[in-house]
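Just below is one structure, and these are the notes that go with it.
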Amino acid sequence: MNPRRKKRLTLAVALIGGVAAIASLLLYALNSNLNLFYTPSEIVNGKTDTGVKPEAGQRIRVGGMVTVGSMVRDPNSLHVQFAVHDSLGGEILVTYDDLLPDLFREGQGIVAQGVLGEDGKLAATEVLAKHDENYMPPEVAEAMGQKHEKLDYSQQKSATQ
């Protein structure tokens, strides 16, 4: 192999190696910032289609309804703990160390983003409350709508009369 061809080959291999290293670092950075959405049932039982459960230490988003009577506030700090449930019966505890949104209340739909702990609790870094009676995050609406059955009040009322 002549020196010119050897130099080109070395340059090509170095260029391909550099591109591969940059792509690897980029994918690693994207993977660590990836937030997957789960319902409480999916955290407890795994995703319905794949059975995959989130791992401890993973950043996730959880959506559902705040369980009535589950909120516990620390009187000496901003620390609050509450449970979030969904229509499938799954429930997860969420801890949060900041001011809750003004519209946050028990029985309200929320989305919490944070890190799943070894104990199964979500250490939330952000809590979003729904802002009016018609709004629900698309992921929560889809998950809750799978088991939601619409009632026809006109038929129900005529049956009782």
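The backbone N, Cα and C atoms fix where each Cβ goes, and this holds for glycine too.
Note that the structure is predicted; figures quoted are calculated from it, not measured.
Swiss-Prot lists 1-8 with the feature topological domain 'Cytoplasmic', giving sequence analysis as the kind of evidence. Annotation source Swiss-Prot lists transmembrane segment at 9-29, citing sequence analysis. What Swiss-Prot records for 30-161 is topological domain 'Periplasmic', and it gives sequence analysis as the kind of evidence. Marked as heme binding site by Swiss-Prot: HIS131, TYR135. Among the features that Swiss-Prot reports, region 'Disordered' is placed at 138-161.
Cβ atoms under 8 Å from those of the topological domain 'Cytoplasmic' (1-8) belong to no residue of the same chain, restricted to positions at least 6 beyond its ends. With DSSP states grouped into helix (H, G, I), strand (E, B) and coil, the topological domain 'Cytoplasmic' (1-8) comes out at 6 helix, 0 strand, 2 coil.
Across the topological domain 'Periplasmic' (30-161), the model assigns an average pLDDT of 81.
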